[in-house]
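These notes concern the structure reproduced below.
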Ligand SMILES: C[C@H](O)[C@@H](O)[C@@H](O)C(=O)CO
Ligand SMILES: [Mn+2]
C-alpha cells in the first residue's frame, strides 16, 4: 500500500534524443539509431527503477529527435505537459550543442553520449556540456569507458551505473518538490534542527513548511476526530503484535495496569492522527470533517514531544516508530518519514535515504563512542573483528522504525528492504523482536511506550545528516559502515548504563585513515549534531549526486572516490573534489 493522498503526480523521466540536424543524408541516416537509443534508455530505466511509493517509473520520449531549437522547444512543451521532472539527453552522434540542450534550470539533467567512432556522440557531449557550463545550467556527463560499435544497443556496466545513480538522485529531487514538511509542535528542548528554517526548505528543496500545534492531537482525541473503525482495528492489532516490555520505573512511580491500558489507547490514536495530519484521510470527510480530511501534503513530519507534550501526555514514540516502519495494522505499506523531537534536518536526511532506496529510515541519537579501552574497563571484554576499533552507539530517545531490528533478510543476511519487497513473515519477525517498555517517567512524565530492539549486526548501512551552518548554508555528512553484534553480556552492560527501553544499534563506520574517517572516535567527534539517520545499504554515492543537484556541499564522507558522480561543471572548480564541491554549490546557489 502506498500513500495515495499526496498531491501532485509522480515525476517522469524525459528522454531527449538529439541528432545532427543536417537533412539530405546525415540526419536521415541517424534517425532510427538515435530514437532507438532513447527507447533503450527508457526501457532500461523503467525496468530498473521504482518510485519510493512503489509505483512503476514512467519515461517519456520526445516526439521527434531534436536537431535544433524548434524541436528542443517542442520537447520541452511535451515534457511540461507530461510532468517530467528529470531529463536525460541521449545521442550517438554529433549535434549542435547549445541549440539542442535542455535549458530548464531546475530540472536535474544528464547527457549520455554514445562512445562510438563512426558518429561521435562523445564529442557532442563535450560540446553540449561546455554550453551548459558556460550558461550556468550544470548537467551530468555519461559516456562509456570503452568504445562501442555503432549499432551496438547494449548499455555497458559503467554507463548503467551512472544512468541509475543520476536517475535515482534526480527522481528524489523531483519527488520532494512541491511537498510539505509538517511541524507538529515547535522546538524540542532547544534542538537547532527543530527550529524550522523555511528558507532552507523552500530554496533548496522546493518544499513548503506547515505547522500545527500539538493541541491539535488533544482536540482530535477528545472530539474523536479519527476513523473509529480503523482505531478499533489498530488497537486490537497493537494488543496482539506489540508486546509490552519491562517497566524500568521505580516501584513508587510505576503506572497502574489501568493507566497503562489507557496509555495504549491514547498512543494508538496519536498514530492515526499523526498520519491523518500528514496526508489526510477521506474517511474524515464522511464524518463531517472535510478540512481535516485533506491533510497537509506532508512527505515528512516531525513531532516535538519533549517537553510540553511529554511532561503531561504519553509520548509520541509509538506514533513515530509505527509510522516510520514499513508495516502497521493495514499490512505492509510505504514507511512515513517522521522526525523525533521535530528535528527537521534529520527528517530531511531520512527523506533523502527513503527516496533513494524505498526503505524505512532509522532516526537515532548519535549517543556514545565506545573505545576499546572503555569497553574493556566496564565489561572486561576485549573487542575484536569489526568492533576492534570501537563503535558508536546509535539510540533513539524511544522511537525507531521496527525495520531497524534487522529481522528482514536478503540472501539470508539481515536487511532492511525496500518496503515493497518485505514479506509478511519478515514484518512479523520485526514485531516479534521488538518490545514496548513503558516510558521512563523521569524523562517522560506522561508515560507512553518506547520501541525497544537491538539491531542485528552485519548490515551494510549509511548514516547521513543535513546541518545548517551560518555563512555556508546546508551541508551534508555521510558515513557508510555496518551494524555489529556484541556478545550478550557486553550488550546488556552497555545498554543498562543508559536507557534500556530505547532501540539500540551498534555502528562501525568504514575507516579511510584520513580526516573525519581517521578512526571511529573522529567520526563521532565530527558529527554535526545530536542526531543522524541511517538506512540499509551503501548509498553514499547516490546521496552525493543528490546533494550536488540541490547545491548542498558534502562536508564529510567516506565514499569510494571512483563512485563520486556530480555535474561535469564541478571539475572546473578545482581538482580537490571536496573544495570544488563547496565552490560549485556556492556559485550556483540553491536550486529554487
Ligand atoms: C530523554 C532525553 O531528553 C532525550 O530525548 C535526549 O537525550 C535526546 O534524544 C536528544 O536528542
Ligand atoms: Mn534525540
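Cβ coordinates are placed from backbone N, Cα and C, and glycine is handled just like the others.
When 132, 531, 538, 557 are compared with the Mn(2+) site residues 341, 365 in TrEMBL, the one appearing in that site is 531. Separation of the C-alpha atoms of residue 531 (Mn(2+) binding site) and residue 365 (active site, proton acceptor): 4 Å, rounded to the nearest whole number.
Between the active-site residues 341, 365, the minimum number of other C-beta atoms within 10 Å of a residue's C-beta occurs at 365. Confidence over the domain 'L-fucose isomerase N-terminal-2' (179-357), given as mean pLDDT on the 0 to 100 scale, stands at 98. Those same-chain residues not listed among 341, 365, 531 yet with C-beta within 8 angstroms of the centroid of the Mn(2+) site C-beta atoms are 191, 193, 340, 343, 346, 363, 364, 396, 397, 529, 530.
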